[in-house]
Amino acid sequence: MDSYMLEWLVLMTKWAHLIVGIAWIGASFYFNWLEGHLERGKGDLTPGVAGDLWAVHGGGFYHVEKFEVAPAKLPELLHWFKWEAYFTLITGVALLVLVFYRAPSLYLVDSTVADISPQIALISAVGSIVGMWLIYDALCKTKLVENGLAFFALIFGLIALYALGAFHVLSAKAAFIHVGAVIGTIMVANVFFVIIPSQKKMVKAMQAGVPPDGDFGHRGFIRSLHNNYFTLPVLFIMIAAHYPIAFANEHVWLLLIMISLAGILIRHFFNLKNRGRKNFLFLVIPLFLIAFAVWFTAPKPTVAQANTEQVSFDAVYQVMQTHCIVCHAQKPTFPGFNAPPNGVSLASKADIEKYRDAIYAQAVASHAMPLGNVTHMTEAERALIGAWIKQYKPGAKP
């Protein structure tokens, strides 16, 4: 496929992924809010109704009722919430294929992380997503799932171990994205394999004139609750994958775990708030976790001696020609690129000076560039670029 058309295909797929993801997570947030704000135990509730809620929105009034199990008779039209989740997974998988799996040697493999073949990297990436779902699902079928805190701590620990392993096998960005892919796949699989089937069994029981088994609803509720707590971590991964400061440092797995834990605690704060309980400790702790993660993973000087003598632009430009300009040029020579990534051309001194802060963030403070370190940029070369940027003075001669 022409690289120009491929970029458009990736862009449109990302847009679709964002749209359906917002629809799915928005519905999830709404129903969790609704569950927490139902007025229960009122004397004027219809028999069999657990609670109701009145709301005004967009110039109209709404009255919502939740049944203890099910109504005496089902309506002809019953709305389901599933396709948003399914298409989030479909578009997510499409992005993995278009961006990472299409060129695994470039996007999955980093020889400085693990000396593995593109085929092994691809098998590891796909296999780990499926394997993590199977492990999670098997654990959900044990009695431990009824102990909410202990079970979620176990699952969080498993995801932390997966993250640690992924960052020792795949390139930093690929590992980062695949932690999100694991969590997202678990969430969608919960909908497809448990939540929707449980709801279908309840509907079939109603249609057969048999009282629905409340256990089906309980199983779906547990998986839905897990999804609720997974939401903020997976959203963070979606946006942070565009920021090398988040994924391209030696302690990235720890940063990811701490910020994910912060997201879970923030979600817990709002879950409690929706039920009329406010505990601001669940907002304060995340702030400390995020602050510590940012401080602990801040970039450190790579080669201290590189700053001891003046660095010429000619030396820096030679490094840039070898490692950067093959992609970041108006007409890239690196296979698969039709235009400079993000529109950033580094072909001239003026260009390099203009983007020096971005270069420092991408190639010195982190190892995000070159992609997968495919050109084998050395630490000394990164330090050389960093020293020149630190010494840079506008208008100085090369």
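Cβ coordinates come from backbone N, Cα and C, glycine included.
Annotated features, as they stand in TrEMBL:
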TRANSMEM  15-33  transmembrane segment
TRANSMEM  83-104  transmembrane segment
TRANSMEM  116-136  transmembrane segment
TRANSMEM  148-169  transmembrane segment
TRANSMEM  175-196  transmembrane segment
TRANSMEM  229-246  transmembrane segment
TRANSMEM  252-270  transmembrane segment
TRANSMEM  279-298  transmembrane segment
DOMAIN    304-393  domain 'Cytochrome c'
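For the domain 'Cytochrome c' (304-393), the mean pLDDT of the prediction comes to 85. Per-class residue totals from DSSP over the domain 'Cytochrome c' (304-393), listed helix then strand then coil: 49 helix, 0 strand, 41 coil.
Using the rule of three or more Cβ pairs under 8 Å, pairs at least 6 apart in sequence, the transmembrane segment (116-136) is not in contact with the transmembrane segment (229-246).
Segment contact holds for the transmembrane segment (83-104) and the transmembrane segment (175-196), given three or more CB pairs below 8 angstroms at sequence separation of 6 or more. Touching of the transmembrane segment (148-169) and the transmembrane segment (279-298) is ruled out by the presence of fewer than three CB pairs under 8 A, sequence neighbours closer than 6 excluded. Long-range neighbours of the transmembrane segment (175-196) within the same chain, counting only residues 6 or more positions beyond its ends whose Cβ lies under 8 Å from a Cβ of the stretch, are 80, 82, 85-86, 88-89, 92, 96, 100, 125, 128-130, 132-133, 136-137, 140, 159, 162-163, 166-167, 169, 219-220, 223-224, 226-227, 230-231, 233-234, 237-238, 240-241, 246-247, 252-253, 256.
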